[in-house]
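Student: According to TrEMBL, the feature transmembrane segment maps to 155-178, 190-210, 222-241, 247-267, 279-301, 307-329, 378-401, 421-443, 463-482, 488-507, 514-533, 553-576. Annotated domain 'Major facilitator superfamily (MFS) profile' per TrEMBL: 156-581, in sequence order.
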Amino acid sequence: MTHSDKMWDSINLDAMVIAPTIEWAQEMGLTDSWDFPWDRKRKIYFLKVIHQMHCLKNIRRAVKQLMSKEENNVKFAHIEHCLDTLRQDLMCKADDTPMPSLELVNAAGEGQVLKCKNFDKLVAWAKHPDRDACYKRGNDYEPPLHSIDRWKWSIVILISCLSAELQLCTIIAVPVSLPILADFHSTNVLYRTLIVSIWELGEIVSPLFWGPLSELYGRRWVLNMANLLFVVFLAGTALSTNIQMLIAFRFLTGLATACSPIGPGIVKDLFEEECRGRAMSVMSLAGVLGPVIGPIIASYLGERAGWRWVFWLPTIISSVLGVLILIIYREAYKVIILERKAKKLRRETDKPELRSRYERDETLSHKLFSTSIRPLTLLFRSTILLLSTIYLSIVYGYTYITMTTIAPVFQERYRFSEGASGLAFLGLCLGLGFGALLCSFLLDRYTQQAKTRSEVFAPEQRLPLLLPACLLMSSGLFIFGWTVQYRIQFVVPILGTALVGLGLAATSISLQTYIVDSFGIYAVSAISAMMVVRNTTAAFLPLAGPPLFDALGYHWGGTLLGCVVLVLSPLPLFLIKCGERLRARRGLQYGDHAREIENPQCDL
């Protein structure tokens with residue numbers, strides 16, 4: 001390290017943000033600025049000279065990285081901002097002191113009236129308690145585990161397994177619905193439908209309160225509470241003594257599914273943008289893979305151990321996973337971390353005015369109300385969320401039509417047994433797995449390439465896979481419909497379902513990652529709104545499958561579904577091209593850095 005490097009590194013930038021009193025700012029004739037979030041009698045200002053030094057250090061670092069051919073971690077947009085700021089400052093406040101030749105003297109202006117100010121005194125003035133805007137205390141912003149990749153991936157894998165197991169429970173009742181009715185001496189067809197569909201009703205409602213509650217009280221508390229209720233209600237299903245009791249517990253178990261909306265939020269909390277795609281691929285795959293492998297497991301387990309063990313096995317698995325998550329997972333939602341930090345500081349310093357930047361002066365009832373309506377508010381106010389939700393819901397619904405058609409088609413047309421018909425879902429499984437693998441490599445690659453080119457990260461960089469996914473899914477629907485209609489060798493329709501699974505995985509993972517990146521601290525509320533519409537479509541759209549195929553046949557029915565998907569293909573292009581403008585149009589900038597103080601030293 002050179003002497004020059006040491007000099008640059010010694011420049012103290014901690015005092016860039018100050019918070020003087022309103023009276024002092026008015027006396028100095030300063031323009032009005034943001035309120036100081038932790039003391040309403042003070043305002044936030046930036047010391048221009050320290051901001052200028054911050055800009056110069058960034059430009060110097062970028063030049064040195066370029067010259068040494070190191071990876072450039074200074075975004076070009078930031079450099080442009082710094083250069084433009086410096087240009088404005090130099091032109092608006094030009095120093096007209098004549099400067100002698102630097103070949104004759106060591107410093108500009110040496111011996112003249114104009115002298116350098118004492119920079120250290122300026123920093124000391126800014127750091128005075130009456131003006132200091134930073135309440136950082138050591139490294140207490142994040143728990144130590146949050147920097148360990150193995151811990152992060154352990155959490156992702158555990159929650160993904162639990163999410164897959166929860167989603168598996170959605171459809172495991174289908175293969176054993178007849179034995180359940182026989183055991184309870186019932187022949188009511190309505191009960192057979194309710195055994196499956198009542199779960200979907202609970203799962204439609206659940207994101208509206210689990211997701212917002214996790215933003216109000218933290219992910220850890222809400223997730224563990226939901227896991228406990230899920231295990232209790234699932235055990236109640238296995239212990240049911242009549243059909244009405246079983247249906248009631250199925251509904252309550254569906255209500256207790258919190259992983260679907262909260263899981264993507266936990267990924268967002270743990271991973272930066274350039275690493276988030278792979279983790280989201282694992283999490284999203286679990287959500288769509290569970291309902292696919294459910295019939296395979298339930299078919300064989302129901303035949304050999306009875307229908308009660310179809311519910312006891314996921315009860316045991318959920319219990320184990322829930323205990324592991326309770327032990328390993330620590331709160332990672334920064335809003336809750338900072339609120340707890342502020343509360344601790346208020347207690348330690350006896351300063352009731354200290355508040356996290358996210359805290360608002362609201363009553364508990366108002367907080368609960370505003371939090372509970374946030375998912376639907378975002379859905380109807382944000383065009384990108386509404387369009388993404390509609391597109392994903394249609395793709396998801398068509399996949400469920402295919403999923404509910406596979407077993408009866410292969411039993412009727414290919415003479416598969418009830419157990420063997422579950423193996424026909426393997427094509428869908430392979431497609432989903434390959435789609436998740438593809439997304440895990442490509443989603444982060446687009447983001448990392450943008451970072452290498454020093455471009456500003458945009459959530460729309462997650463969307464290029466949507467168009468090929470759309471084409472693959474429509475092709476899969478065509479192949480499946482026409483081959484089962486004419487009883488082509490069973491491997492070919494299974495290949496068609498693999499393409500449907502591939503299209504679903506790429507679409508679901510890309511859109512959920514896009515929404516998580518776009519909505520920042522409110523990502524879970526946005527995902528919750530998406531889940532409500534998606535689950536509603538998955539519950540009711542498959543009911544149109546049998547009448548559709550009865551009226552048009554599998555060939556023209558599949559063609560109709562594939563054509564609808566093709567008609568929607570311009571939507572991904574529209575989001576890629578106009579998404580950024582739509583996010584900014586109505587002030588819906590929910591990104592991580594929206595309206596936050598850009599002082600890296602101040603985390604409260």
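Just so you know, glycine gets a Cβ as well, placed from its N, Cα and C.
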Student: If you average the pLDDT over the domain 'Major facilitator superfamily (MFS) profile' (156-581), what number do you get?
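Tutor: Mean model confidence (pLDDT) across the domain 'Major facilitator superfamily (MFS) profile' (156-581) is 84.
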Student: Cβ under 8 Å to the transmembrane segment (488-507), counting only same-chain residues 6 or more beyond its ends: which ones?
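Tutor: Residues 284-285, 288, 292, 391-392, 395-396, 398-399, 402, 406, 409-410, 414, 416, 424-436, 438-439, 465-466, 468-482, 565 contact the transmembrane segment (488-507) from elsewhere in the chain.
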Student: Restricting to CB pairs under 8 Å, which listed stretch, 247-267, 378-401, 421-443, 514-533, is in contact most with the transmembrane segment (222-241)?
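Tutor: The stretch with the most close Cβ contacts to the transmembrane segment (222-241) is 247-267.
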Student: Are there residues at least six beyond either end of the transmembrane segment (378-401) with Cβ under 8 Å to its Cβ atoms? List them, or say none.
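Tutor: For the transmembrane segment (378-401), the nonlocal Cβ contacts are 288, 291, 428, 473, 477, 500-501, 503-504, 507-508, 511-512, 514-515, 518-519, 522, 525-526, 529-530, 533-534, 536-538, 541-542, 544-545, 548, 561, 564-565, 568, 571-572, 574-575, 579, 582-583, 585-586, 588.
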Student: Looking at the stretches 247-267, 279-301, 463-482, 553-576, which one shares the most CB pairs under 8 Å with the transmembrane segment (307-329)?
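Tutor: Of the candidates 247-267, 279-301, 463-482, 553-576, 279-301 scores highest.
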Student: With Cβ-Cβ distances below 8 Å as the criterion, list the same-chain residues six or more beyond the ends of the transmembrane segment (553-576) that contact it, or say none.
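Tutor: Residues 384, 387-388, 391, 394-395, 398, 401, 405, 409, 460, 463-464, 466-467, 470-471, 473-482, 484-486, 503, 514, 545 contact the transmembrane segment (553-576) from elsewhere in the chain.
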Student: State the residues, same chain only, that lie 6 or more residues beyond the ends of the transmembrane segment (421-443) and have a CB under 8 A from a CB inside it; answer 'none' if no residue qualifies.
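Tutor: Distal contacts: 175, 276-278, 280-282, 284-285, 288-289, 292-293, 295-300, 399, 402-403, 406-407, 410-411, 462, 464-465, 469, 476, 490, 493-506, 509-510, 513.
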Student: Which residues, given as numbers and ranges, are at least 6 beyond the ends of the transmembrane segment (514-533) yet have a Cβ under 8 Å from it?
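Tutor: Result: 204-205, 207-208, 210-212, 214-215, 219, 260-262, 264-265, 267-268, 273, 276, 280, 333-335, 358, 371, 374-376, 378-379, 382, 384-385, 388-390, 392-393, 457, 459-460, 462-463, 575, 579, 583, 590-594.
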